[in-house]
């Protein structure tokens, strides 16, 4: 019996040690926290001593293990480093609102200067984000918006109307203006996806698409396995299907993989929004003749500069204000959106066999 | 019941008293508090600790009935889906014009019904294991939730409703007061009441308990229904915290709850362990998670740490059980 008592004690100390080590790796890696010109590794260093007036900006993505999100966080981190602040990058292990609420609570307790969030639900974060704003923390949404009352400004990759219309124009061109196609989206609550799909439906009302039919909107929840099974279900349900539009990086790669594995190259075409590094293979083999994306690094980068501008009180998030964003050209203006205000990054960018090789190593 | 009388007949020993797993958990909580305040300057203040407590207590209500279920060698993995279904029904009913009070009662009723169905199937078809029964209803309840809301979110609750998620009584979070009150009630019920002792008896040896006149089926029905009601209470708090609900809410909650119960020293072999241990385990995991969050540990590392904690503790508790036998 006595032995077990020791065993328990040892277990507790091991655990404490483990956790303490984990903490050290995370925060103590590089002691350049007071050096504002630090740019590479010093960012994870937290200002525990609290004597430095370094601004701390947090970015909360939808879930971990998402390459698109990692690029966004990378851009955010770069921008924050350039402004001399400290970037905190977080994401829950599952794409849920509960996970994001918990992380935001922890960020509020740390009294960060700003929180930028790519939301898992349009309304679900309102109570916790309102709490953050009441405590003087600047709140932005990026990529996937929260409602106008939960944020000061939203950073939008590109005009949702341009994205929706461009995708329909692309897919109908691929289908030579007739036949069935389906949409493979992320989660049904993803506000950006839903807005693009609305614009796609609006564009489809155009008479020139009379012979084109959108048969179904499927949801892969930005999970690779679910996207794969949804794609297979689409192929089963619609034998005449000519194309799949996936306005999500996880979905388009999963759909392209299924089409490639089933040997359906050229019969079912895939387009949408994808990461060049993940899609290079499928653009080269013809499964996806071309696709679009903005630069997620730039989205994060712009978010970082917007967060800094808010924290430095250069802007307040009101329409009509403008600010500069480091290496990005020109100045960015805050504009009215359907709900609240937003800052637009720009037009979607087309990736095709001619340019994919130069982009696939970038992101 | 048998084991308890044996234990009670032994003379009281301080050594024995301090060797209980619950002390280990208390030590762990102290260690975590010390660790948290040393790694983050933001932890050791009243607001931070109350905020932390509010972030993890919602799912903890299900821990009480889960302890009773696991003491009976059963399991309920449908609780997360029950949370989702009762939350979705509540939101839909309210949006359809039902007064909020009635919507809350409906939420509890849906939870109770879900739990009752689990218990009923288990009692009716004894050859089916609880894993299979509750796995099926887990999928069923989640499916109904998706059918009702069709992948949308529903909200727009009256402002007073947010009190459940964010409210304070004086300076103490309401959820904490309710949790502690229920914890006392459940600890007493499990350790002192006839029902509680009968649960231990069922867990130690179901057949013997049946022969001894314990109404095994009725108790199972009661306890599973109770699990449904607690899931509905979780649904109320969780929905109030988010201000809106979706069918995918409370995803994988059952695993978090089972983890807390296991860390609480409840033996998976049934009949061993105490309610108090599970209550303490809620705080161990909760504060550990929050503290690591304060130093911005990545989500994956957090999973690894909690997984390791579970492996270590479950191994130790099972070793203890083996030794005693």
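Cβ from N, Cα, C; glycine included.
TrEMBL has this to say about the protein:
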type	residues	note
TRANSMEM	B:21-44	transmembrane segment
TRANSMEM	B:56-72	transmembrane segment
TRANSMEM	B:77-94	transmembrane segment
TRANSMEM	B:100-123	transmembrane segment
TRANSMEM	B:130-149	transmembrane segment
TRANSMEM	B:161-188	transmembrane segment
TRANSMEM	B:221-240	transmembrane segment
TRANSMEM	B:252-269	transmembrane segment
TRANSMEM	B:276-295	transmembrane segment
TRANSMEM	B:301-321	transmembrane segment
Contact call for the transmembrane segment (B:252-269) against the transmembrane segment (B:100-123), three or more Cβ pairs under 8 Å: no
Contact between the transmembrane segment (B:161-188) and the transmembrane segment (B:130-149) (at least 3 Cβ pairs under 8 Å, separation 6+): no
Stretch-level contact, the transmembrane segment (B:276-295) and the transmembrane segment (B:56-72), CB cutoff 8 A, at least 3 pairs: yes
The transmembrane segment (B:130-149) touching the transmembrane segment (B:77-94) per 3+ Cβ pairs under 8 Å rule: yes
Positions whose Cβ lies under 8 angstroms from the transmembrane segment (B:100-123), at least six residues beyond its ends: 74, 76, 78, 81-83, 85-87, 89-91, 93-94, 130, 133-134, 137, 141, 157-158, 160-161, 217, 220-233, 235-236
